[in-house]
Every structure is written in C-alpha cells, then in structure tokens.
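The transmembrane segment annotation in TrEMBL covers 12-36, 56-74, 86-104, 147-164, 171-190. Residues or ranges marked as region 'Disordered' in TrEMBL: 220-246, 263-282, 332-406. Feature annotation from TrEMBL assigns compositional bias 'Acidic residues' to 232-243. Sequence annotations record features per position, and here TrEMBL assigns ATP binding site to Gly554, Ala555, Thr556, Gly557, Ser558, Gly559, Lys560, Ser561.
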Amino acid sequence: MAKRRKRKKKKALLGSVLKYEIYGILLITFSVIALSGEAAVGRSLSSLAAYLLGRFYFVLPLIGMYYGLMVMIYRKWPSNWSSRHSGVLLLVCSMCLMSSISAMEQKLGPVSMLHPGNVLSQTQKDLAGALTPAVNDGSIYMLGKDISGGYLGGLEFAVLLWLFGTLGAKLLMIVMLAISFMLVTNLSYIELFGILRIRAVKLAEGIRLRAANRPQVVPVSGRGRPKKVQEEPEEEEEEEELEAGLPSRKAPQFFDKLLRRKTPRSEGEALPESGEDDWDEEHRNIPIISGIPSQSDWSGPDEDYDFENEELESAAPIIRDFFEHIRAEGLSDEDREEWSEFSPAARGSAKPADALSLAEAAEGSVSGEDGVIVEASTGKEGEAEGDIPPAPKPAPPPKPYKLPPFRLLSKPSNGGKAGDQNDYMQTARKLEATLESFGVRAKVLEVVRGPAVTRYEIQPDIGVKVSRIVNLTDDIALALAAKDIRMEAPIPGKSAIGIEVPNPEVSLVTMREVMETQIFQEAEARLTIAFGRDISGQTIIGNLAKMPHLLVAGATGSGKSVCINGIITSILYKAKPDEVKFLMVDPKMVELNVYNGIPHLMAPVVTDPKRASLALKKIVVEMEKRYELFSKSGTRNVEGYNNLMKDNPEAVLPYIVVIVDELADLMMVAANDVEDAICRLAQMARAAGIHLIIATQRPSVDVITGVIKANIPSRIAFGVSSQVDSRTILDMAGAEKLLGRGDMLFMPMGSSKPVRVQGAFMSDAEVEAIVHYVSSQGEAEYDESIVPEVDDAAPETEEPQDELYEQAVQIVLEAKQASVSLLQRRMRVGYTRAARLIDSMEARGVIGPYEGSKPREVLISLEQYQQSRISS
C-alpha cells in the first residue's frame, strides 16, 4: 500500500511539473507561427496582432515566446507585475502613437483637417485595405504594409487630439518615451547626467594633464614619463571606483548617491567646496541612538519581488565599506584643536588664559612636587613666567585638573584599505547560486564590509521560510570556504537576513580613532564609554549611567581585559577625580594594578578575595548612606541631589564605578557574600550613582547566577567555547561563532538582539601613558574604611571548646583514622556535633583535610598530642 501511494504521489508530482512545460511549449509554438504569418493560422494570428498594434504586430508573438519560456522554467503562471513590464507596455503604446501621428499627417494634409473622427475613419480604411487582401493573396510581409500604429495608435491619437490638440499629443508622446526609458532601465536622468558630467570633467582633466606633461618629456633621463605612468592609472582607478560605486537600481535616493560619488576617495585629499556641505548633510541625517545606528537610512526594494528574477540577474548589490564611513566621520586637525579648546571635555579650568589646551598639555610636562603644569618648549605661560618669575609660586592651590589629550594614544594606522568590490560581487553571486541549488530563491541586496566580518544582506523570495535559510548555515560556510559564519535572521529594522562572513584580515580599530569621532566628543555624560565600531563603521558608545550595570564575559584571550581598559580610559577622558571614583577588584593581581595611584581611586586595587567581599559590603553601606541623604533632601537620585548642592561643592556626590575583573574567583571564595552584595547593588545602586562592571572568563551558571543576570541587563559577550556559554551570557546563541581579538556582541538594556562590534584596541604602553599623565596631576586620596586590613577583614574569634573534644581526639589517635561516622558510632552523638569536632581537629592540625570517600589522615601521634597538652 505504501509503495502504491508513493507511486501515485510521484505520478501526480510529475503531472503537475509536465503540465506547465506543455503549456510553455504550446505558447512558444503558436507565437512562432504568428510571427511567421504562413498559412491560414499564421496569417490570421498575425493579422489580429496587426489590427491591434499595426506595424509593431511582432511585439505580441515575442511576448508570448517570453512568457512561454518563463512558464517552462518556473513551472507557474506569471502573477506579479513589475515596473519593467509597465515600461515595455508604455514603450509599445508610445511607438504606436508615433506611427499613427506620422501616417495621419501625411494622408490628411494640414493640421486643420486632423479631427478625431477623421483619424479613426482613416485608420479603419488603412487597416481594412491592407490586411483583408492579405488573407486572400497569401502575403505575409506585414512590415511593408501601410497600417501605421493599428487601432491602438489610432485610438490614442484620436483621444489625445480631442483633449490636447496636435502639439499636446506630440508632447505627450515624447513624455511617454522618456518615462518608458526610465522604467525599463531603472535609471534616473539625474544619475545619467551626473555620470556624464563626471566623465566629461575627468576627460577634460586628463587632456589637460597630458597637454601639460607633453613638453616636459626628456628623452635621455625620461623623468617626465613616470609622471604620466603614475597619473593615468589613478584616473582609471577613479573611473572604476565611480562605476563600482554606482547606486543600486532599486535605491531611489539619486541625489544622495550622486553627492556621495563627488567625494574624494583618498584620506589625504581635501573635500571640494561644493560637496563638503552635502557630505556633512548626508551623514548628519543618519540618526544614532546611544551609538547604535538606526535602520531608517536603508531603502529596500520599491516593488514586489518578481518571479521572473529579472532584478536577480541585472541589479547589482550595494557594496558599503566601513572605511568610507570612517573617512566621513573623522574630523580635520583644525576641528580637533577647536574641540580641544571649547568642548565640554576641556571644562574645569579657572581661566581660559591660564589653562593649557589639550595639545599644549600633551607637549608639556607636569612637575612631581607641586603638580603645576609647565610648558616644555614655547608658549604664553612660559613668557609670562619669564617676565614675572615670583608671581606663580605663591598661588599653587587653584591647580586645575587637565583631562588627558588624545596625543597619548597611538594614531590609527593607514595600512587598512577597502576590499576589492569584484570579490564581494563574486561572493554575492556564489551565495545566491548556493541558495538556489538548495531550492531557496533569494537575492543579495547589500554587502557591508566591517572591520572583522562582511555582512551579506539577502532577501528571500515570497513564500520562503527564514528557517530554511538558517538551517543551511554549514552548507553556506562550505560553499564560501569560510571558517564559520553567523546569521542574523532577520536584521532588526530590515526585511533581510544577514549572513556574516569573516574577512581574510581583521582591520584594527584603535581607541584614538573612536574617541576622536564627533559622537564621542559631543557626549556630555561623565560615564561615556567607547566600545568600538560595528559592521557598518558606526561608532558604538554607551552611557554607563543608563545601562546601568554591565556584564563582560568570554573565554581567555578573547579581549575582555582590553575592553575593561577601554572602559576605564573612556571615563578618564571624560571625568575628573571629583566627578567619578573607581573601586577595582582584581583577584588575578596583574590586570588592574597599573591603575594604582590615579586620583580617581577610592582605595588601592583589591587583590585579596576575602577583602573584596568586604569592600563590596562597604559599597552597599555607602549606597544606603546616599539614600538617607536623598530622603532628607527630598531628591530621588544622585543627579537631583548634586543639582541641589551646586552651591556646596564639598557635598556633591561623585559617581562610583565598581569594576570586578574576575567574578569566578570571588564566587569560589565567598559565593554567598559576593552574590548578595552584587544583587543589592544591581537592584538599588543606579539611583545612588553606583554602577557595576563585572568581568568573568568562566560564564557558567554557578558564576553568573540567575539573580545576577536578572539585575544586570547590559551585557557584552566575547568569544566562548560552546553555545551553552553563549546562552548563559546573552540568553541566545551566537557568541560561540565570534572570531576573538576584540570581536564581541554588545546587547544594551532594552535591545532585543545584540550588535556585533569590533572592540577598540589599546596597548599596554598607551594605558601606562594615560595613567602616568593622570596620576602626575594629583595624589590618590584613599578611604581606608572601604577596604580593611586582612586582620580586620577576617578576625579569628575563639569559639568555646566542646566538652567532648578531648575524648574525640583520644578516639581518633587510637584508631589512627578520622571520620564523622567513626565519632558518631563511638561517642553516640549526632552528625552535626561529630562534624564540628572533626572541623575543630582540622583547624588545630590534628587531622588532615577532607579527601572524599577516604578517611582523613591523622597528622600527629598520641604521644605528641599529650606532650603538647602538658606544654600548654
């Protein structure tokens, strides 16, 4: 029975497939017969087409052949109507109208004789006289007959003549031709004129350069020749870039693309005057909320997806490179100097004339004794000190704190360059072919190259499930020869699926280039953090006050320590010591010790896990004190309280950032105390201005407990080893496919999906330079009550000795083994008391530690114990 059912299903499936092929073959056959015009059937079909379209009768058979092929290939009847179809229809109507106008003007004579009735009667007379004998005498040459534009052209001309007159009909005919050209080619006339203008400018410039270089050619040395050889390829490369950078035929923003094409490609080349404002205006319109780019600038297809796949074959995907965004986002040297002098980051100086700019502070040095900033080479202050030597010495107290300059950070290397667009086009076509081989029809809309990965944004055909594409992850990785790929299905804010393919080389994103962007510089929050750049090159920043706590997790060597250094450095570039305080916990004792001595620290970097748990409890006490101050002053948070205390600077409360570099080690030593303190801070500390940053390299459930996850909404996941660890951090998979070296998934509070970011890199030398600059401006004032000493942290309280202790020791030393069950049997006590006796013996060094199922080792003999009792 099962075999019969299978056979029936196969026959039904075969019949449904063959049915459309038969329809297609018949449609093509009759179209060819109609096009030939032979015999009775051919003459009748061609005559019918000629009655309708006149001299353009052959269009109908060609359309029939086209649809017959489509039905055979796709095995379904056409259902969608695209703009190209409208363009072809409009083109045929305009050609028929043009033929009718020219024929009527020749036959009816002057313009006064042209009336709608005359046009229709003359069209009927021409068609009847030319086509009716053709059926009888066997003539098959329709092109040579005087049939003008058929009934379609005659009717169009009559209606337009009645409504607009002869001149209006001709004008509308030209307009129809122009619109049909736009619809068929999907090209804008503004685009076309812009391309022609750019080509003309390039051609004129090339002719001018060749004419200028021609007299300078020296036959002996040939010095003029290399100049030509170097200039001509540059022109060719610019032309190729212009051609490759053409906007997609689907994108309607022709003005934006045209203005973008005017901008120079090289970083050193200055923007032209005409295009500079346009470039800034274009990028100013991109909305960015907390550094995460919105998707409003993406333009999807303007029409439904056509089953014939016409756009699949012709329309090329848009290729975007993050280098272009970096060039547009970067500021000139003049802008940076202006920002250094007038931005909120330069606040805090008493008088502008007495304070150095950031650039001058970077060149100057700070004396170790009094901390006064002195210019090293030249400057106005140096001249003033030379004129009046004793004046500055009696007034060192109003020493202004200077924020670190950007010159302490390394400049971004210019070694990275944009990828080859031909490679991206080939990969996009290979991706489409791979999906097609699995029966999934989709097209690549856009290719976005990021620092570490390239995202291919594909749009599936109507009726294709997203899960079908997601299940082909391994097959796509095999076809593209990629190490591993990650899918984002769908991309938030877009009707597309993102396939992220690793780049052959990871482009380095430096902290300086991220901090020098306008987004970071204009951020006024003291707790602004620079994370890096996303795939499209957008700068990703965040405000820790709005997160309000952050969890950073990932495997060893994935970039956690660099991320923590970047967070601390970002805050040091934005806040002064009286605005933000740090409490750093570093059980590894090597990562955060470099920050010892900066004036922002509340206490030295805590390295002892036991002292760390007490330090967290002290922060909880500080939080409770702040809430008492809020309740007495009638304020709700630290911002309101500080605004109320503006007149009393000593009462202003600074923000407190608690950084724990390795949570796993703390959870092993004092899990209950640490978890309780972290949970209380995470639940209540936001309004008090206290924020947590917790890092761990073991993202297991016993370290990142459910209570901690519930109270820390903002998370960063670096590369992990398994999908289970990724779900522990982000509650979803994806982190196991990260590439390492700063590649991370950042999920801020309120976001449904994480953002892939290439973290900003900072070297150890840069960190040391910033710490030296900050610590040289003032000494750290530690609060000793925050982190007590070891003796205070773990006081040893003498517990009263159990009255059965001596008897228990006697039993253990005689039996030469120790266990809780032994004491229970011999002394007839409960488990709790026997376990306490065993713990007391271990604390006094009588027996060894717990060894699983084995009995504990007895460390001393009975004689040694008796001698110790006598001596004590």
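Backbone N, Cα and C define each Cβ position, glycine as well.
Note: TrEMBL annotation is automatic and uncurated.
Within 8 A of the CB centroid of the ATP site residues Gly554, Ala555, Thr556, Gly557, Ser558, Gly559, Lys560, Ser561, the other residues of that chain are Gln697, Phe718, Gly719, Gly740. Neighbour count (other Cβ atoms within 10 Å of the Cβ, all protein chains): 24 for Gly559 (ATP binding site). For the recorded site, Lys560 (ATP binding site), the DSSP three-state label reads helix. Secondary structure from DSSP puts Gly554 (ATP binding site) in coil. Nonlocal intrachain contacts for the transmembrane segment (56-74), taken as residues 6+ away from its ends with a CB within less than 8 angstroms of a stretch CB, comprise 20-21, 23-28, 30-32, 34-35, 45-46, 49-50, 92, 95-96, 99, 142, 149-150, 307-308.
Counting residues 6+ beyond its ends, the transmembrane segment (86-104) has Cβ neighbours under 8 Å at 53-56, 59, 114, 118-119, 122-123, 126, 146, 148-150, 152-154, 156-157, 160, 166, 169-170, 173, 176-177, 179-185 in the same chain.
Taking every protein chain shown into account, Ser558, Ser561 are the binding-site residues, and of these the Cβ with the most other Cβ atoms within 10 Å belongs to Ser558. Neighbour list (Gly557 (ATP binding site), Cβ cut-off 8 Å, at least 6 residues apart, same chain): Gly740.
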